[in-house]
Structures are given as C-alpha cells and as structure tokens.
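Peer 1: Questions regarding the structure given below will be posed in turn.
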C-alpha cells in the first residue's frame, strides 16, 4: 500500500469512528429518550415539561442541530490533520 | 385595512419578488439549470434547503396534526429533523464530492449500469410526483380561503408562478427564490406564535412558553391543564398518545431515512462549492428548519388549549366570528346531537358534536387569538411560500430526471448542451401541467400517498446510496435487486393496507409486526439492505475503477465544481 493510500485509509477510519459516536447520540436522544424510555423519563418534570415528552418534541431536535455542527468542526479538523482541507 | 386587502397586498408583493428574482437569475447553461452553477454559498444553500424542505404540510398541517395527536405527533418532529443528521453525516459530503447533477446519476455511475440508473429514475419520479401534487393542492386551499377565489383558479395561478421561475431560472432561479421564500415563511410562522405565547403564558419565546405556567394567575402549568382537560373529555393525556411503541419507532425511523433519501433535498447539496460547504450547509439547513420545528409543538399546545377553552361546553349561539367563517369552508363542523345548543367536544364518537380539520389550527390560530389583520394575511403569504418553494424543488428533480438521466444519459447521448437545456425546460413545463392537473382533480389517494413518499424513498434510495459509499465491494446486482425488492414491497404494503387496491383494507390487527403503512418504510428498507447484501455475496465484485471511485469520494479534497459530462 502506498503512503497516499495509507493516509486515505487512516482518515476514513477516524471518520467512521466519529460517525459511530455521533450516530449513537442521535439514536439515544430520539429513539432512546424520546420513544423507548419515554415513560420512565416522564416521571421527571422540568418546569411544565415531562422529560420524555420534552425529548420527543424539543430536546432531540436541539441535539440534532448540535450534532451536525460538532461533526462539521471535527471533520474540518480532521481534514486539516490529513492535509485534505482546501 | 381589512384582512382581504392585506392578503392581496402581501401575496402580491411576495409574488412580484419571486418573479423579479427569477428574471435576475436566469439559467444560461445546463450546469446552471441543474445545480445553479455549483457556486452557491453554504448559508444561501441552507436557507434554500430549508424552504425546499418545509412544504405546505410542515407549515399548514403539522402543528394541527400534533394538536390532535399529542405525543404521537412527535414522529413528525423527530422524523423530519433527525433525517438531516443522516443526510449530513452519511450522504451529503460524499455525494458532493462525487459531483454530478442528480441522484440517478450517482446510482447509475456508482453501479456502472444503466438499469440501475433507470430504476433510480423510476423511484425518483414516483416519489416526486406524489409529493408535488399535494403542494399544488395546498396552494389552491390557501387561495380559496384567504382570497376567496375558486380552488382551481388558485391552483392555476400557482402553476403559472412556479412555471415562470422554474422553467426560466432552473436550479439557479429556484435557489434564490427559495432564499426569499424561507424568510417569508419563517417570519409568517413565528410572528403569530410569539404573540400567542406571550398572551397565554407571558413568555414571548414559544419553545419556553409551552412549558410555562398559565397567565391567568392560577400558577398551573399549561401542559398540566391541557392533560387535565383532555382526560376530563375522555381523550388520552396530551403527553401520552395512543400509538404502540413499535409503531412510533418504525414511523420515526421511516421518516428520518426517507427524508435523507428524498431526491429534491439531496440534489441541493450538489450546488455548493466544496465538500466542507456541503457539511456546513446541512447544519445550517437543520438549524433554520429547527426554528419552525421546535415552535410547531408549542403552537399545537396553545391552539388546542385555546380551542377547548373557546368551544367546550359553550353555547353554539355565542361562538365568535372565526368559528362561523371556518364552518362555511366545511373544515369545521358542529352537529348538535342532543339538541341542547351547547357544544360537546368529547372523545366518545357517539356523543362528540364537533369535528375540526387538522389544517385549520395554524391558519385559524391568529383569528382565534384575535391578532391584527396583517398577521392573518402574513400566514397566507407564508403558506404559499412553503408550498411553492417545495413544488419548484420537486419539479426540478422531475425535469432533470427526464432531460438528463433519460434523454442525455440513455436515449440520446450526443444531444447538444442547448438541446438538453430546452429538453429540461420542456420537461419542467409538462411536469407543472401534470402536477396542476392532480391539484385540480386530486385522485383520492394523493393525500394518503404523500405521507408514504417517505416510505418509498426509504425503501429504495437510502440503502443503495449508503452502501455505495460505505461498502466498496457493493455491486450492481445487489443494489438493483435491493431497490426493486424494497420499493415493490413498500408499494404492495401500501396497496394492501392503505389504498385498498387489493380488496378490502384489512384491520389494524393484521399489520405485519404491528407496524402501520406509514412506518413500513423501515421494514422495506431493512429488507432492501438484506437482499442487496445477500445478492452481492453470490455475484461478481464491482470493477476496479468503480472501487477507485468509491475511495476517491471518501476523500474531501479536490471536489472542484460539479463536473459536466
């Protein structure tokens, strides 16, 4: 394998690792907190919000937005590290 | 000034604006027509994507649906936003790097097969046509309610406007009108929401208002009161819902994956300059969408509360003017079953006397809350912006599928640049006319099918694209097999359980795995993945140069501009 290929493979591996972590969070807030564990979380109340309901109708959406911007930052850094930035 | 005058004024000004932008941004080449020249800034693309995405359904119907479905409505909120995470992380950057014009382009080249390309074109056309017919209908409804013109005339006015800027401007014209349309629609959605939130809770931020205490000095939380009232009237608690967990799970996933697989959304990411711009504009798009999507559930809570307060156990003779107005449209009906002159709004179907259409919750909200005339007119302009922007995006996908994927790539490869541009304009014109026809004569199944367009997209495109990027050895046999089986299975389930084309619609208890047709896209998608992987095991691996393409799209640098070919 040439150096160029090695670099590409290493970059891709780190990228996939980021995806795995970010998508786990994506799954946890929506399908986890908002659906599967909603009833348990609903016993907790913050202000007028039951927590499970809040995750389903508000919280998960805020987290989605944050996740994409975190991804953008991580990838911009990764691009720089491997010299793929432009 | 009256509501009507305000409406004519605001709708007139916004339409003039859209047409002005279209003339200023005419497309001169196929590249400008398909991908706006490939030099759109991330912010402009984010705004355009948000307007493209938020349709008449998001603007007009969604808050109303949630108001009546309570917790169950969460599937739309999570489903239609969570899909952007998949889009940003799994698709947009790589498709941008690939750098062609359409989704069938990617499928056809990545799977080195014109059969794959044709299957993708077929899927794109089904998804886009079902979706666009709903938009034209939405235009007609807004026109008829706010401008007192006939629904059909409304549809035709909408057709002419869209035709004008989509045919003239192509993607370039659409992009910049969508930027303007985003501004109009978000302003129109937020202004009444902020007014009402302040009225009811004293907190002007709707997202916080829905979790605050009522403004009446009782100190009760708004949602506690709503839960109490709902149970009193025999409904499920607002924060609880009635759908099974597995169905909520499946619908949410189908909507997310479907969102990520919708061709008119994906194609927007071909219009930016670099891969990093594609990532960033996906983030901006979701941020701009989230403003509306986190406000909508608050609007639902306010509207439901206001509705119950105004009508429940009150005398029919003392109903306010808006009640009578909407009765005339047939979207609100009162049937005094026990002849006591009092409105009983309860869960029990035999005793309930009031039927309220989902769609009027957003449109009537400003009237219910006694807001000024210009706010009511603004909502009309916003609804039109939402419907027109989505319709235009879809028409472009249809026209590109025909002129680029079919004519240029399959039937007449040596067509000139100019010829292709004219073919694209011709296809857009034909598509507008067909969409308008469906808007005027809606086949009964359109409304049902629009919701299912997501299932179709999830069952067909998503697996093929994801495997194409993340699995280098995925071959054409697997991808084609997966797409064909996935979309067929989804169409079969729709025909059987939703449209009743295969005899009487079976009872809910016969749903496979307890999953509704709306959520079945999840099952069809999983089947697509499995079929693709199994076939792939028993057929030859893709040629070396295709594997090199895959390696190349994984690296962000050197995307250049969308390549002409």
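Heads up, the Cβ atoms here are built off N, Cα and C, so glycines get one too.
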Peer 1: Any idea which of B:39-57, B:58-76, B:77-95 is down as transmembrane segment in TrEMBL?
Peer 2: B:77-95
Peer 1: From the ranges B:97-115, B:116-134, grab the one TrEMBL calls transmembrane segment.
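Peer 2: Residues B:116-134 are the ones TrEMBL records as transmembrane segment.
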Peer 1: Looking at the transmembrane segment (B:478-495) and the transmembrane segment (B:421-440), are there 3+ C-beta pairs under 8 A, with each pair at least 6 apart in sequence?
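Peer 2: Counting Cβ pairs under 8 Å (6 or more apart in sequence), the transmembrane segment (B:478-495) does not reach the transmembrane segment (B:421-440), since there are fewer than 3.
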Peer 1: Looking at the transmembrane segment (B:6-24) and the transmembrane segment (B:146-167), are there 3+ C-beta pairs under 8 A, with each pair at least 6 apart in sequence?
Peer 2: yes
Peer 1: Give me the stretch from B:179-200, B:248-270, B:421-440, B:515-535 with the greatest number of Cβ pairs under 8 Å to the transmembrane segment (B:371-400).
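Peer 2: The listed stretch sharing the most Cβ pairs with the transmembrane segment (B:371-400) is B:179-200.
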Peer 1: I need to check the long-range neighbours of the transmembrane segment (B:248-270): which residues 6 or more away from its ends have a CB within less than 8 Å of a CB in the stretch?
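Peer 2: Counting only partners 6 or more residues beyond its ends, the transmembrane segment (B:248-270) has Cβ contacts under 8 Å with 34-35, 38, 45, 48-49, 52-53, 72, 74-76, 78-80, 82-87, 90-92, 95-96, 99-103, 124, 127-128, 131, 171, 241, 278, 281-282, 285, 390, 393-394, 396-397, 400-401, 453-458, 460-462, 465, 513, 515-516, 518-523, 525, 562.
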Peer 1: Near the transmembrane segment (B:421-440), which residues from the same chain, at least 6 beyond its ends, have a CB less than 8 A from one of its CBs?
Peer 2: 27, 29-30, 33-34, 129, 132-133, 135-137, 139-140, 151-152, 155-156, 158-159, 162-163, 166-167, 170, 391, 394-396, 398-400, 402-404, 407-408, 415, 446
Peer 1: Assess whether the transmembrane segment (B:282-303) lies in contact with the transmembrane segment (B:146-167), where contact requires at least three Cβ pairs under 8 Å among residues 6 or more apart in sequence.
Peer 2: no
Peer 1: Mind checking which residues reach the transmembrane segment (B:179-200)? Cβ under 8 Å, same chain, six or more beyond either end.
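Peer 2: Residues 14, 17-18, 21, 44, 47-48, 50-51, 54, 59, 206, 209-210, 214-215, 222, 288, 291-292, 295-296, 298-299, 302, 305-306, 362, 365-366, 369, 371, 375, 378-379, 381-383, 385-386, 388-389.
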